[in-house]
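Asks: Here it is, the structure, as structure tokens.
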Amino acid sequence: MAEPSVESSSPGGSATSEDHEFDPSADMLVHDFDDERTLEEEEMMEGETNFSSEIEDLAREGDMPIHELLSLYGYDSTVRLPEEEEEEEEEEEGEDDEDADNDDNSGCSGENKEENIKDSSGQEDETQSSNDDPSQSVTSQDAQEIIRPRRCKYFDTNSEIEEESEEDEDYIPSEDWKKEIMVGSMFQAEIPVGVCRYKENEKVYENDDQLLWDPECLPEEKVVVFLKDASRRTGDEKGVEAIPEGSHIKDNEQALYELVKCSFDTEEALRRLRFNVKAAREELSVWTEEECRNFEQGLKAYGKDFHLIQANKVRTRSVGECVAFYYMWKKSERYDFFAQQTRFGKKKYNLHPGVTDYMDRLLDESESAASSRAPSPPPTASNSSNSQSEKEDGAVSSRNQNGVSSNGPGEILNKEEVKVEGLHVNGPTGGNKKPLLTDMDTNGYEANNLTTDPKLAHMTARNENDFDEKNERPAKRRRINSSGKESPGSSEFFQEAVSHGKFEEHENTND
């Protein structure tokens, strides 16, 4: 089946350097029909192939020598075998005195000459065969190009490197990836002379260290047997010691220390443990009530800093005893009562500031704020209004209709004394308090100026009449807070102030 050439023209357009969209013709679309019968025929044809002949051919080729097999598939004897390549590599390794560059140049030049000679001979053969049959020349030339080996050592080495890289090998990381342990004189810091606390021949510790255990002097099996014998019951135990223990082996430090003092003699160590006056298990001495109270106060003040607790609160005990008592105290009912009173168990964020879970902290703060806040009943509007109305009623009853009080004329209330103090009950009052009623009318004009203009005087008279009618009606209660909205509670201040101001105006007119 011949393949269409690239240069052949297509119905949609000729193939040039530029890309064009493929436009199929009508004839191509007519034949573009997928028939399933053709697939079935192809499957039947493939099923008719005989695999037995292929197996026989493979078996015959397996017994065939390599030279015949190469010639069967069209390869000449010039192709080097793997065995020959290994022999050549061994010969090259033996020649250490020769220069590698000269060998490569000479080898490449000599092989290039051989290739030129072979090319010239090949060209002569091609010219002779071209006269006889042009198709044979093309096939021979293609086969020669395929079969021609690469004889230059430079290319051979590259091919070997490529073959080695293609093989599966373990990944070896680079040296930069590896971590180097910085140990040695070059990584040590140079400490100045005055910084060091100790001299060259001075000992850091005044007393010698005491050996407590050496695991190399006695095998582990004997140590286990010794610990079992040391923890064996005698039947004379009382109290807590009488409680049966598990089958596990306890690491009895006192028994091991006795074994070290006896030069790892197990029998002598067991005898000393049994007849020693000091108990094998030291019980914690009882703490007094004062010590317990001081310890709890230290926990409140310093947290779990047992060094500060011992130094400032419980000086009669050591730091180790404070730690041991803390774990016993935490399992007692005294700790539960202490935690309820001080909430010591939940204030972990004070001791560990790195904790990022602040939910417990927020709950604790909200509960403590709610408990510390004393519940006080809020002042109602009715109470404040009643108290203010009682004050105003007492002030009005102390005066007669002419505005003169029972005590004398010197206690007449001026207009400026009436001030609105209830307008800002819910908010801050202004710094400069101005009197509500002055010599101005309700529209904001002064009375002296209004007398000169008759029109303005008529308007003020009408406004006064309207104001009298409004005062006769029942006053609506109104409360004004700092934001300017109406709110109940301070309406009496405003209404009483207006009523008293009007009452004083009537007194002046009567006078």
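Residue positions begin at 1 at the first shown residue.
Every residue, even glycine, has its Cβ placed from backbone N, Cα and C.
Among the features that Swiss-Prot reports, compositional bias 'Low complexity' is placed at 1-16. Residues or ranges marked as compositional bias 'Basic and acidic residues' by Swiss-Prot: 17-36, 57-66, 413-422, 461-474, 499-511. For 37-46, 83-104, 159-171, the entry in Swiss-Prot reads compositional bias 'Acidic residues'. Per Swiss-Prot, the feature compositional bias 'Polar residues' maps to 128-143, 397-408, 481-493. Under the heading SUMO2 cross-link, Swiss-Prot lists Lys238, Lys419. Residues or ranges marked as domain 'ELM2' in Swiss-Prot: 179-277. The domain 'SANT' annotation in Swiss-Prot covers 282-334. Feature annotation from Swiss-Prot assigns phosphoserine to Ser10, Ser140, Ser159, Ser165, Ser366, Ser368, Ser376, Ser482, Ser487, Ser490. Per Swiss-Prot, phosphotyrosine is recorded for Tyr154, and the stated evidence type is similarity to another entry. What Swiss-Prot records for 1-171, 365-511 is region 'Disordered'.
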Asks: Grab the pLDDT values for the domain 'ELM2' (179-277) and give me their mean, rounded.
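Replies: When the pLDDT values over the domain 'ELM2' (179-277) are averaged, the result is 79.
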Asks: Write out how many residues of the domain 'ELM2' (179-277) are helix, how many strand and how many coil, based on DSSP.
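Replies: Split into helix, strand and coil, the domain 'ELM2' (179-277) gives 37 helix, 0 strand, 62 coil.
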Asks: Helix, strand or coil at Ser368 (phosphoserine), per DSSP?
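Replies: Note: Ser368 (phosphoserine) is helical by DSSP.
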Asks: Measure from the Cβ of Ser368 (phosphoserine) and count the other Cβ atoms within 10 Å, all protein chains considered.
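Replies: Ser368 (phosphoserine) is surrounded by 11 other Cβ atoms within 10 Å.
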